[in-house]
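**Q** Pasting in a structure now, in structure tokens, and then I'll have a few things to ask.
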């Protein structure tokens, strides 16, 4: 009994102890799991390695402090840092390469300028993709849209800035490796002009396309860093004389353009005047100004699938990328046989199918592209395009493997990559809980001008985006009015280009969207006058005057139409009324006097 009793009393005690230990163990595991999750949330999976490169001591007064003092930055794991291995997004690369003996030139320049480097960040496998997913090191979490890809190849560098872990970061942009993740994460991304920055100490992807790129969330920080890296001399800030909206590029956009267009138009007019706005059909411009591209398209005209100029540029950029990457890294790929993402493997396998003759044709297109875009923009023009054609895809989405997705994305990204121009991605609010953006492109070598334009327009653009977002949320969106204003701007551009019938079409579209705006009728009347459609011009001016009794241009245009139609008395009345509204109007005075003498 005692033994039994002893045994029966000990068993519950033992079980209780085991349960307590299990409970403590489970609690410990839960705490550890929570701690790990917290660490991931704080880090957002952006870094592959933490380190610290400290700037030199500050110079003694009265010398100025280092220009980048108190700023922190991270670098994509494609830049060499002395004493560390550059992994380039793949463990096989890291295991087959030793530590760097020198730090990359751009990194050293930033540290010498007063900034502190705090770590190396995740890139796509061999910095090849633009999606941002990496199965070896994990996909960094997009702070702006956690269920969506952060974009690549410089995914970790973009996330580090978007999560406010650093003030700015460095990435590599070959075919969009900085611009795409900047757009997806809702921050600023800058691709400098080709050749503007040293690539020494940076992993080579495609020599004719590679550039060092920058991320920041503050345009002033980006400008400070850009000035240090580009070694820009002091100069007076210049304003753009033309803001050129590439209308056909925005037709590729899956996100409604109304909000972005209104923010752009309002900001441009407010800062630089309406005369600065211009519209361009880039497809037509490229066909007319890039002979090698037109020749390739003509040769492919027999194909069942019609290819656009922008689509062909995407194909050319991808072909150059594959060809040059394979040429440089072929020996290592054959020797190490790394397991690569299937999409990257498929692309590299296609590289062998590209002939040297084709590559020479594509290089001719690239050279002509540089000349054409530089001619379009000159020293004071900015081309506006969408950065990407849609929202960032969801993680592991099939869309990422789609040829259509890649073609549309690279169609937009190829413009700066092939022309060598500088481009900056500008966040512009959100749509469906995802970041939206536009990009400004300046001519090759116009980096300072582009950074100045960004700084001068950034605050206004954000304010306009916020105003429109608030209007949408409160049900006062006015989207038809916004679309009407966009149509009117296109009409104005067509009128300037002497495309009168096209202008009538755009003004008619504006009137259909908003028939209470006198300017639309008056502008259409001006186009009708050029087409010698005088009765239509008279009718439109009468409608404009009914809506706005003080519309001087409508009186002048109706007077002109009536004069041609032989209604001299009515024409004199119109010109005289214009003079009452605007006594110094020389055209009205001269016309009234001429008709007065003629009608005697």
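Please read every residue number as a count from 1 along the shown chain.
Heads up, the Cβ atoms here are built off N, Cα and C, so glycines get one too.
Dumping what TrEMBL says about this protein:
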DOMAIN    64-451  domain 'Amidase'
REPEAT    484-517  repeat 'TPR'
REPEAT    518-551  repeat 'TPR'
REPEAT    552-585  repeat 'TPR'
TRANSMEM  16-33  transmembrane segment
**Q** Can you tell me how the residues of the repeat 'TPR' (484-517) break down into helix, strand and coil by DSSP?
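**A** Result for the repeat 'TPR' (484-517), in helix, strand, coil order: 27 helix, 0 strand, 7 coil.
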**Q** Give, as a single whole number between 0 and 100, the mean pLDDT over the repeat 'TPR' (518-551).
**A** 95
**Q** Using DSSP, what's the helix, strand and coil tally for the repeat 'TPR' (518-551)?
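**A** With helix first, then strand, then coil, the repeat 'TPR' (518-551) has 27 helix, 0 strand, 7 coil.
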**Q** As a quick check of your reading of DSSP, tell me how many residues in the repeat 'TPR' (552-585) are helical, how many are strand and how many are coil.
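**A** Here the numbers are 28 helix, 0 strand, 6 coil.
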